[in-house]
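Chemist: Can you read through this structure? Questions will come right after.
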């Protein structure tokens, strides 16, 4: 009878915990007062909408500046085509590499909310300075709308302003996206599914900002004034900061735990110290913190790769066991070892996605410059601003994200039984196929444009409609909907829990590093082809051979795709033990959880 009573009591306790878990969120997050958050009044979409609002504002500003930057540099500051393209790539590279620093500070010291607030303020100051550089008489590029030569004082102020925006983006981008994903509890099945959709709809909001940036803002730049466009962007950013702060009580926050890189270094040092010890045949003999003692960090299951690092978790019986357990530089847990393995396993994926980023870099430079030389008239005398054609990238991305989330994922869930529908790396690989197609189409279109130029030397390619560029913008946009969104989800999901902002920064660094590589590639190709007779990059577009450059990128990307498939097929996904069951991200059950591409 007593045994029955005990069992009944245990069942009642379990039900009580389950009910309590539905009311409160026990994922180590806190509310704005530092308490355990209530599920009904915090997080999920009610909080994410405030976060997406400020992302919309940031993307509006970024693309309003980025897509017309090469035009401003060539028409107002009077840089030549090659120098302007390199300047844009450098700025884009810095803008997308700065998040590595911002993400680290957010995870280690400042917290994501504070980092977003500070960096958004810096971003606002950059926009304010940019506005002043075009409004204040002594700082303006010239005294008329058409600048034959810009004032010397304008250029340094202009570059200071846009690089101040880069610094703001450095803290804003990684912290905001990871902060948005933090609003969903992975342990709750309903919220976990919503989180999978979050990255899709996050990019939907991003694309809306992009669309307005390359249409409304670019139109104002082209037909009203650059200054008026900057004033609009500054006011919108100030308003979105106020909206973001207004949602403070509905957010779920994560406490900082110090540098996330220190535990990685501790594992490496401990493994080197124990390099002469033999690994136990049973992984369960390796050191791990009991589940009952874990509150802040989820436990990771042991994997068979990079066995050398497992030595960090060996308990050396020749030394005092208590002293070892108290010194993280001598003994690491299996979870910490696996976290270091996660980062090392990401390196090949990061490297093989760089060629995709190089293709993306062309859309904001050479693709836009192509549009400048073409017929942009639609109705009567109305002309599309050259940068507005970039809007088709957002259209392609919106189409692919919507079809993926509403049609492909539900269908593949039923077909495969996988909660995601297809794996993250499969999604990334599909987008890379589109990048190859983009460069092939771009090469063919540019070849046709050059043929038109040679046939009609007087009009150049002005008789060729700008909508010939539509396919390459649409295709790269569709590819973004697969690869860029997939990369966001991959780097957020697969990094250790303490490095979520840094994970988003790693995704952004793919684009940043790719921009620098694109600049380097342009310099190398220019040098080689110039020595061979004639450079592929002339003083203007009509004296260049961008079609050859696009074919080169198509070849590089196609070869890289084969390498990526090999790397992705051997990749082992993150293996997480929850408090009650084992949750494995993006994979089937089994000891060797590998991606299928």
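Glycine too: its Cβ is placed from the backbone N, Cα and C atoms.
For 60-78, 116-136, 201-220, 226-246, 342-367, 387-404, 424-445, 465-492, 504-528, 548-567, the entry in TrEMBL reads transmembrane segment.
Describe the structural context of these features.
Modeler: Only residues 6 or more beyond the boundaries of the transmembrane segment (60-78), in the same chain, are considered here, and those with a CB under 8 A from a CB of the stretch are 84-85, 87-88, 91-92, 95, 123, 127, 130, 141-142, 147, 149-150, 154-155, 158, 162, 165, 169, 209-210, 212-214, 217-218, 221, 226, 229, 233, 236-237, 364-365, 368-369, 372, 385-387, 390.
Within the same chain, residues 50-51, 53-54, 56-58, 60-61, 64-65, 72, 76, 116-117, 120-121, 123-124, 127-128, 130-131, 134-135, 217-218, 220 sit at least 6 positions outside the transmembrane segment (226-246) and bring their C-beta atoms closer than 8 Å to a C-beta of that stretch.
For the transmembrane segment (342-367), same-chain residues at least 6 beyond its ends with a Cβ under 8 Å from one of its own Cβ atoms are 66-67, 69-70, 84-85, 88-89, 92, 264, 300, 305-306, 389-390, 393, 425, 428, 431-432, 435, 438-439, 442, 469, 472-473, 476, 479-480, 483-484, 487, 490-491, 494-496, 506, 509-511, 513-515, 517-518, 521, 546, 549-550, 553, 556-557, 560, 563-564, 567-568, 571-572, 574.
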Chemist: Which sequence positions outside the transmembrane segment (424-445), separated from its termini by at least 6 residues, show Cβ-Cβ distances below 8 Å to it?
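Modeler: For the transmembrane segment (424-445), the list is 349, 353, 355-356, 359-360, 362, 367, 370, 404, 468-469, 471-472, 475-476, 478-487, 489-490, 493-494, 547-548, 550-551, 553-554, 557-558, 560-561, 564-565, 568, 571, 586, 595-597.
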Chemist: Who are the chain neighbours of the transmembrane segment (116-136) in space, where the CB to CB distance is under 8 Å and they lie at least 6 residues beyond its ends?
Modeler: 54, 58, 61, 65, 102, 110, 154, 157-158, 160-172, 175-176, 179, 225-227, 230-231, 233-234, 237-238, 240-241, 244-245
Chemist: Cβ pairs under 8 Å only, please: of the recorded stretches 201-220, 387-404, 504-528, 548-567, which one is richest in them relative to the transmembrane segment (465-492)?
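Modeler: The stretch I would name here is 387-404.
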Chemist: State the residues, same chain only, that lie 6 or more residues beyond the ends of the transmembrane segment (387-404) and have a CB under 8 A from a CB inside it; answer 'none' if no residue qualifies.
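Modeler: Non-local partners: 63, 67-68, 71, 200-201, 203-204, 207-208, 210-211, 214-215, 218-219, 221, 363-364, 367-368, 371, 427, 466, 469-470, 473-482, 484-485.
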Chemist: Given a Cβ distance threshold of under 8 angstroms, which distant residues of the chain, six or more beyond its ends, lie next to the transmembrane segment (504-528)?
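Modeler: Non-local partners: 82, 85-86, 89-90, 92-100, 102-104, 173-175, 177-178, 346, 350, 353-358, 360-362, 365, 484, 487-488, 490-492, 495, 535-537, 549, 552.
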